[in-house]
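Engineer: My questions will all concern the structure given below.
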């Protein structure tokens, strides 16, 4: 049956961002069992693995060694040595016995894969400890005469291309290396460089060189580490000799494959979980195919599953891992997971993946070959293949067969020649003497330059993968140095929008001055600010060259802050654009919010202190009570009662403030989530737009906010319901609104980068071909890309009026749409009744005065008015009464521009202090939903198809201002070739200039904060305020602006309405 793949799961500590956001734990471990749960949904599940490593907490740092270890004997913390003892020692023992072994790390980006495999600082991971142990064992006395040989190779799979990381990017084969298969030796990578090493330091040097090449390549391609798979192979050979004759007797050969897979959150967005694989996306292909292979192997290991076909050949990754998964290998998987509830979905996906891997069976054999037999077989194979190529007969299977005069096609011939070359090298290796191998090893050692320590000021690269941070260092010597792609630049840095000569650094008198070189589309940023003149650099200043190349300035003589990282550098670089998206007042509002939170915390602490003092007074009063006479005792009892009542009120007030503080903290966490989404979306959109300019494409992408309801139809409060999507903008589309999920554009960016690489290598634009157009629109997806309705707007009613026991009379309230515009009216009333009381005679002024009594809110939604055709189908309203519970209330669905609901509901409740305070400070949100009419939707689809040069549909289009059909077709545009690079610069400059065409206004978050601060003193009517201002597209040029203005006037005249102008804010790209 074979051995099952061993599976270990390891959970890391909270990272700095998770700690800052107050992340909650969603994972626990006990022995080999890992448990995951969700407080929100009540979901809970346990998984059993060979090992479950708890590395979340319970550790301290050894002050001498710097290594993390258990904080106490009772701690469950699993340190690096524990993981190596369980997994690494077994890997090493199997390799020593002649088995191929594989250890691969799986998990989402940032889950701690690299920490387990490589480690950081003094906390070495499995790779360095294993390498050290190999040479420790080699140096030990051996019972027999044995020679050892250790070789290292390192490759990366990115965008379905295999690259040799031991070869500099400039010297690599175009299109990557080929993956081939030999019937005797199995799958191999043709032309992959292998180097002989004689110590762990040799391996470490080559590993550093590989990571440096990987960093340079990633910078040039703007490829993120989370998208690339890395495979380090240590080939370990033992040659046994006859002690008397000295002739070779036997040979054991083992390949130790250590695989660091791309972030597994990619797998959750691919066909591995049933979603359709994104068109043409090679990035997702590897992980998608890996998921299919694991599923097929799991089924194959079950009874009746022998006939299951395993799709190894569908991707380069699964081909290379073919032996490791279901083949001749002893395999171990370590799944790294995040402990934070924010990453619940990704963590659950990783655990399910790991659970499937457990079922895979491998059939490993000892790779042991008698030496003389090996040489003879290699010679015979060599001669037979030569004869086959020359047309003298023979067969691949080793049998007879007719000779023919050739008849072999070029591809087969190339395959045979490749096999002959591989066998020739294997034969030479087998016949080499120990002395020759030593000489070869010394020759290879001279090829890798050991990194020298840099003790002076220097630039150090920042990368998404912490393992690649600091791999590229440029020392800054006295005098002036130019940085750029070429020309007279002394420091060569490649990257998107990095100029030939980009900037200068002058080192004189102990000062480091950075001066940008001003040019078209050249950008240099320091700490998130674009600089236009000389700037003196300070220790750990973040520098961005172009749009995606990040460095940190390091002065070793100054203190170092480890908290500064790539994510923070990207966030601050995008902060200006983020502020434009979020609204000009966002930073000020957030600052006030933080000050208010701090003040509330201080007030709570003061209140607790005051309450403790009064408790002491009460205790003293009660102890003296027995000693006093009757008269004084009566006064003291009165005082005691007064203190108890005051104590009760203080406790209630404290509970209110603590509840409010928790809500503020929740809002802060949500704002942090929004910031992260915005920064990421801007990064992707900016890169896509820049590559569009380089390739002469007219398509542009712009991130936009939109609000999405929960599954129950309700809308989350504040930032909870905010999502991000990409709007596609093209002259042919006019004002038509088509959207992609952010993920789709993110998946296409690497293919856009591939097109740019072809263009930079000299391929004419019209001949660039990657199988599809990543800027193109699939005609079958147009309807899915349209914003056809769903959530259309909200009415917010401040409930302060109800707290004053005043009715909200029947009146029309403005429905504010996704972009903050007035999209119609909703007729609502809320009347108050206190059973048993005459409402005309009561003298109560607020809910606080009727605590303990029953109260009724008579809620009525009569109708909506003035809805446009694009939102008037199947209209309905949803609302909750937060102070009264979580129940959801919904009107019936009605179609029409003025749909009548005639909805009414009596909400009965007992007034408590909590209910009163919630109504005093809260709002009642009525969410309105609707869709476009089928006629209008079909007409828009038809107009868009015509604009894109596609066949129309069978009905007559309705005139609609939503689409401006242009004679410039997208398909025709793809054939246009810019005459020179100058046109490219014009496109880029036009994109930059377009940023000034947009206006900003407060974000949905800041707007809701502003609305919450409105002091509404008028009684008898409700105040309605927009709480969800989002993006509204602005005209791209004067002609479009005039067309839009005329269309608006025409519509206004036709409808004879008097609506105000639409307001909107922008998203700057």
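Using the three backbone atoms N, Cα and C, a Cβ is placed for every residue, glycine included.
Note that TrEMBL annotation is computational and uncurated.
Summarising the annotation, TrEMBL assigns domain 'Kinesin motor' to 4-360. Annotation comment: TrEMBL describes 107, 108, 109, 110, 111, 112, 113, 114 as ATP binding site. TrEMBL lists 390-410, 966-1012 with the feature region 'Disordered'. Residues or ranges marked as compositional bias 'Gly residues' in TrEMBL: 391-407. Per TrEMBL, the feature coiled coil maps to 582-669, 1036-1063. Under the heading compositional bias 'Basic and acidic residues', TrEMBL lists 970-998. Per TrEMBL, the feature compositional bias 'Polar residues' maps to 999-1010.
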Engineer: I'd like the Cβ neighbour count for residue 113 (ATP binding site), meaning other Cβ atoms within 10 Å of its Cβ, all protein chains included.
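Structural biologist: Its Cβ shell of radius 10 Å holds 29 other Cβ atoms.
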Engineer: To test your reading of the ATP site: which residues beyond 107, 108, 109, 110, 111, 112, 113, 114, same chain only, put their Cβ within 8 Å of the Cβ centroid of those residues?
Structural biologist: 12, 105, 263, 336, 338
Engineer: Taking each of the binding-site residues 108, 109, 111, 114 in turn and counting other Cβ atoms within 10 Å of its Cβ, which one has the fewest?
Structural biologist: 109
Engineer: Out of 107, 112, give me whichever of these binding-site residues has the highest number of other Cβ atoms within 10 Å.
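Structural biologist: Top count of Cβ atoms within 10 Å goes to 107.
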Engineer: State the count of C-beta atoms found within 10 angstroms of the C-beta of residue 110 (ATP binding site), not counting that atom itself.
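Structural biologist: A count of 22.
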Engineer: Determine the mean pLDDT over the coiled coil (582-669), rounding to the nearest whole number.
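Structural biologist: Mean per-residue confidence for the coiled coil (582-669): 64 out of 100.
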